[in-house]
Amino acid sequence: MATQEKKPENLQTSDEHSIHLSNPNISGMKEDILYHFNLGTKTHDLQTMFGDVKFVCVGGSPVRMKAFITYIGEELGLAPPGTDHPNICEGTDRYAMYKIGPVLSVSHGMGVPSIGIMLHELIKLLYHARCSDVVIIRIGTCGGIGLEPGSVVLTRRATDSCFKPQFEQIVLGKRIVRNTELSDDLNQELMECAKEMNEFNTVIGNTMCTLDFYEGQARLDGAFCSYTDKDKQEYLQAAYNAGIRNIEMESSIFAAMCGASGIKAAVVCVTLLNRLIEDQISSSHEVLVEYQRRPQKLVGYFIKKRLGRKA
Ligand code: URA
């Protein structure tokens with residue numbers, strides 16, 4: 001039987017409106033080494049480096065997160081075209097991190113374990129830097145269910161493969177269940193931006209987070225397949241009936257960890273294909289590149305609007 005995690009009593013906060021660490025051990029440590037970022041509290045002045053961060057955008061690919069910082073730097077007028085943004089984590093090849101003004105852009109790799117490790121260190125980084133009023137947005141790609149390819153989905157809540165809105169983890173051999181609801185306010189704000197932009201279809205829906213791209217997402221084209229096309233169609237139709245509009249591989253732990261830290265968060269993913277019709281991602285490179293820019297454009301618009309840079 002899984003344990004629903006209780007609200008932690010021993011919250012460590014950097015100050016009001018800020019990051020909660022549900023870990024009483026951190027404040028007693030002489031040094032905190034953020035190993036996978038190649039950063040630490042003794043070796044780096046994290047408050048000077050990151051204290052002004054208000055928007056954190058995370059996504060799977062290091063190349064895409066560098067493209068995002070270039071885009072937002074130009075949009076905010078903080079970096080002229082052609083600026084080469086240094087990778088703050090260049091001492092490690094695990095994750096890449098870029099910063100311009102109040103925006104931090106960090107890659108997280110593929111899947112729950114990879115984004116989970118990154119988020120532990122990112123949340124501690126924001127805590128040590130005494131950041132406040134931070135918003136974290138995952139920008140990514142996904143498979144759509146019943147949507148035209150290129151649609152953008154804002155996640156209401158992330159579900160597991162059984163359509164349950166929860167993230168389950170084994171801790172000390174016991175199942176711990178965490179809530180995966182995301183901020184309604186933030187979704188409404190992003191939806192308002194999408195309407196003002198009026199450039200692509202944007203919907204709010206539930207997102208199924210799986211541990212695999214092939215069998216875990218009911219594909220027929222993996223190295224293994226233990227079910228029929230009919231089984232697949234029934235499963236995806238049942239997901240659609242449960243309000244699920246897209247499938248990806250990181251949203252559940254992302255929602256759970258941001259929620260447990262008191263950080264407002266959103267997941268903004270573009271659909272590369274309609275899974276009710278196909279399994280293989282067959283659009284041209286140019287089309288996929290344009291699709292992948294859509295979450296960046298929407299989040300860029302949102303950041304500019306929040307900073308009062310929109311007409
Ligand atoms: N990412 C996924 O996890 N699934 C897809 O179908 C496409 C992108």
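Think of each number as a place in line: the chain as shown, counted from 1.
A Cβ is built for glycine as well, from the same backbone N, Cα and C atoms used for every other residue.
Curation does not apply to TrEMBL; its annotations are automatic.
Taking a C-beta cut-off of under 8 angstroms and a sequence separation of 6 or more, Arg138 (phosphate binding site) has the following same-chain neighbours: Cys57, Val58, Gly59, His108, Glu250, Ser251, Phe254, Ala265, Ala266, Val267, Val268, Cys269. TrEMBL lists Arg94, Arg138, Ile139, Gly140, Thr141 with the feature phosphate binding site.
Non-local contacts of Gln217 (substrate binding site) by the CB criterion (under 8 A, 6+ apart in sequence, same chain) comprise Gly143, Thr210, Ile247, Arg275. As annotated by TrEMBL, substrate binding site applies to Gln217, Arg219.
According to TrEMBL, the feature compositional bias 'Basic and acidic residues' maps to 1-19.
Marked as domain 'Nucleoside phosphorylase' by TrEMBL: 54-303.
Per TrEMBL, the feature region 'Disordered' maps to 1-24.
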In three-state DSSP terms, the structure that Gly140 (phosphate binding site) belongs to: strand
Maximal Cα-Cα distance (Å) across residues annotated as binding phosphate, namely Arg94, Arg138, Ile139, Gly140, Thr141: 20
The one of Ile139, Gly140, Arg219 whose CB sees the fewest other CB atoms within 10 Å, among these binding-site residues: Arg219
Neighbourhood of ligand 1 - binding-site residues from Arg138, Gly140, Thr141 with Cβ under 6 Å: Thr141
Residue pair Gly140 (phosphate binding site), Arg219 (substrate binding site) - Cα distance, angstrom, rounded: 20
